[in-house]
Structures are given as C-alpha cells and as structure tokens.
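What Swiss-Prot says about this one:
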BINDING   10-17, 57-61, 120-123  GTP 1 binding site
BINDING   184-191, 231-235, 296-299  GTP 2 binding site
DOMAIN    4-169  domain 'EngA-type G 1'
DOMAIN    178-353  domain 'EngA-type G 2'
DOMAIN    354-439  domain 'KH-like'
Amino acid sequence: MTRPVVAIIGRPNVGKSTLVNRLCRSREAIVHDQPGVTRDRTYQDGYWGDREFKVVDTGGLVFDDDSEFLPEIREQAALALEEASVALVIVDGQQGLTAADESIAEFLRSHRCPTLLAVNKCESPEQGLAMAGEFWSLGLGEPHPISAIHGAGTGELLDQVLTFLPPKDQEGDEEEPIQMAIIGRPNVGKSSLLNAICGEQRAIVSPIRGTTRDTIDTSIIRENRPWRLVDTAGIRRRRSVNYGPEFFGINRSFKAIERSDVCVLVIDALDGVTEQDQRLAGRIEEDGRACVVVVNKWDALEKDSHTMTAMEKELRSKLYFLDWAPMLFTSALTGQRVESIFALAALAVEQHRRRVSTSVVNEVLKEALSWRSPPTTRGGRQGKLYYGTQVASRPPSFTLFVNDPKMFGETYRRYVERQIREGLGFDGSPLRLFWRGKQQRDAERDLARQQSRKG
C-alpha cells in the first residue's frame, strides 16, 4: 500500500535521528554528537498500532548561515514537508527555546503541513512538564515532552501522529519494490544520477567529497513496477576514513548492498577504473548481487566512433569480477541514457531470480563436454561430470556432481561457467557452481529419480 509520510524537522543536534531510530525500531539513521550529520532526507518504515507509515528524517535546519550544504538542507526539508501528512518538530528541552527554533517555526508557517511539537531530552515526567512550558510561544500547538533515547512519551506522541494520517481505506495496494543500490566511490556522480532519475533534487549534490553520509531511500515507478532506490555514501578504503559520521555511512552502504536486489556500480568516465572500484566490484560479486555498471560523466569525454567500444574493453579488463554485468555509458548532467538503467536492472533482477529445469541444465552440460572433455591426470584417470542441477536462485546456484572435484581445476571450472552462461543467459547476475564428488551409480540413480519426479 502507499504509506503516508511523517517528516522529522528541527535544528541540528536536537535528537531527530535518535527519534527516527526509536520510532522505526532500527539504527538506520546515523546518530553522532557532531551537528549536521544528516544532510539529505532519508526514509524508513514506521509502525504504530495497526498503521504503517514512512518516516522521513531531514538535516538540521539553520537559517542564519548559507555556508556548505545548509541551503540545500533547507530545500530538502521543504520537499519533505510537501509530501508529509504531518511534521514532527523536535526541540531540545535541556537547552531551552532558541532563536533557531523560532526561525524554524516561521519557516513552517510558510508551508501547509500540520505540525506536532516534541520537546526532546526530557528524561523524567516532572522535568518534561517544566521544560515544555516555554515552547508554547512557538505557536506550533501543545509541546509534547519525550525522551528519544529512553522512549518516554513516544507512545503518546505516536498516538497523536496517527490522528493526522489519512484513513486506511485511502491507502492502495502496492507491489513489493525492487531494491536498487546506487554505489561507488565518493564524487563519481551517484547523487546527480539519483536526481536525474527522479527529476528532482532528491539528494544534495556537491563537488565536496562525502556529501552523502546516509543511505537515501527513494520510491519510484519505472518499467511498470515499483523501485526503491538507495543512494549510498561514497565508499573509500576504510583506513582513509576517520571514526565518525562518514565511517557509519560507509557501513550503511555495505548493508545497502546486502539488502539490495540489484546494484548500480557508478564509475567515473574521467578517472576510469580505480583500485577502489575493483574492491567494490569484488564486494558485489562476493555478496551475490545482480549488477549494472554505469559509466557516468560520459558527456565530459572527447569521443569518436570507436571511443565507446575501446573504453568498454579497457574498463572490463579491470572489472574482471563483473564480466557478466551489462555496462551503460551515461551522463547524469544531460540525462543521456539514464532511463535505460531501469531496463537493464529489471533484466538483471529477472535473471538473478530465474530457475532452470535439471533437464535443460544437463543439455547445456552435455554440449560443453562434447566441445571440451574434462581433464585427465598423469596416471590416465579421466575426470567425469555426471550431471548438474540448479539448487538455488538469488543468485542462481548449481551443484555439479563429478567423480572427483580435485580433478577439475580453475581453468575448466571457468570454462563450464562460460558454457552455462552462453547456453542459459543469466546476464547481469553472478553464478555459483558447487562441485561435489559422487559415485557414478549413485549419480545416475539420483538423476533418474529427479527426472521421473518431473515427468
């Protein structure tokens, strides 16, 4: 179903992300004592009673400073208010009312979104009542004392949130979205790509490395199906990142790869494939995720009729972990081929989830054996591949039964995988091949049993 949105609004370091984690029972939002950790608007699933909703966390609002990302953070907050059913405005009860809180109240009055005022860091009921009183002057309604860390008052606050949500019968059914993670090194254009796809300023774009720190979820409809796009923090070598918000953002990025159906690995056309790109490619293959390689900033290169072919060959020679992944040359700046990402990603997901019957698998293996026999030992012992069967999908995984797995070296194993790909496809998806030793008569009996069951 289409879920209503609850926006979290407030100045820096009042505990917005802590409250998001409390409301959503997760630790997805990055919490750190450094102000300005959250920059883009990030979405999580919230639940209370029999209702489901989206909680959108926004960056800390500052109105007396236009340095760095602060104007963009204000724009992100305004976009969140446009789609929200209610805005939860968070203030710091221990610090008391500030001029920044008053500026935020003025900002909210220019939007039509209903508001609920939460006074955070009220660690006891007596404290809460005393602290909340001065916030009536903001004109945002009754102040609700809460403790985001300990959970005090959050149940009552959520009861109030539900009164602003549309009735359940106004929420329609929705298909489970495809999870697509947009990953890459810092500053390769991931956020620009996300904005080009969505047609709006969904993520803050800046030449400063590390602009995106959270993983940013965006829901969108493409190819007649729902997608959830995750723009991740730029992933660098861990020893180059200090312990802090960016460190946690990188960990979130690795988790985004793990929970994705398909990864879009963004490569900078100007830089080519770096050592870190290779590490990311290896991570995607290791986690068994479908993948599309997107070469961004294609508009910035001088080209002739052979440039794309030559560059793809060069890039693939270095991205050997992902030789099965389709490659697309795009420009987030001009929008060139951006929409084609979805068609390739949808095909990769389809192949990633695909299953093939045992009989079809063995037709391919039989042909592979006819072209190239298994290796023979110096003593004259012949390797034998009895049969194969698909045992799993996501990624497609096959068990191959042989007389002795040790006789099948890496070269022949790669040959068999290539033949499976040529015969069965699986473009955009990694494969897993498991080689198992078995006596010939047992293998023949098992294969006959499988075929009789399917017949």
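Just so you know, glycine gets a Cβ as well, placed from its N, Cα and C.
Shown here: features listed in Swiss-Prot, placed on the structure.
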{"residue": "GLY10", "record": "GTP 1 binding site", "Cβ contacts under 8 Å, 6 or more apart": "LYS16, GLY60, LEU61, VAL89, ILE90, VAL91, ILE104"}
{"residue": "CYS122", "record": "GTP 1 binding site", "Cβ contacts under 8 Å, 6 or more apart": "GLY93, GLY128, MET131, ALA132, PRO145, ILE146, SER147, ALA152, GLY153"}
{"residue": "TRP298", "record": "GTP 2 binding site", "Cβ contacts under 8 Å, 6 or more apart": "ALA269, PHE329, THR330, SER331, GLN336, ARG337"}
Inter-residue C-alpha distance, ASN187 (GTP 2 binding site) and THR58 (GTP 1 binding site) (nearest angstrom): 22
Rounded Cα-Cα span from ASN13 (GTP 1 binding site) to GLY184 (GTP 2 binding site), Å: 29
Assigned conformation of ASN187 (GTP 2 binding site) - DSSP reduced to three states: coil
Model confidence over the domain 'KH-like' (354-439) (mean pLDDT, whole number): 93
Cβ neighbour count (within 10 Å, all chains shown) around THR58 (GTP 1 binding site): 27
DSSP three-state assignment for ASN13 (GTP 1 binding site): coil
Residue pair THR58 (GTP 1 binding site), LYS190 (GTP 2 binding site) - Cα distance, angstrom, rounded: 19
Nearest-integer angstrom distance between the alpha carbons (Cα) of LYS190 (GTP 2 binding site) and ASN13 (GTP 1 binding site): 27
Binding-site residues compared (ASN13, LEU61, GLY184, LYS190) - highest count of Cβ atoms within 10 Å: LYS190
Other C-beta atoms that fall within 10 angstroms of the C-beta of LYS16 (GTP 1 binding site): 28
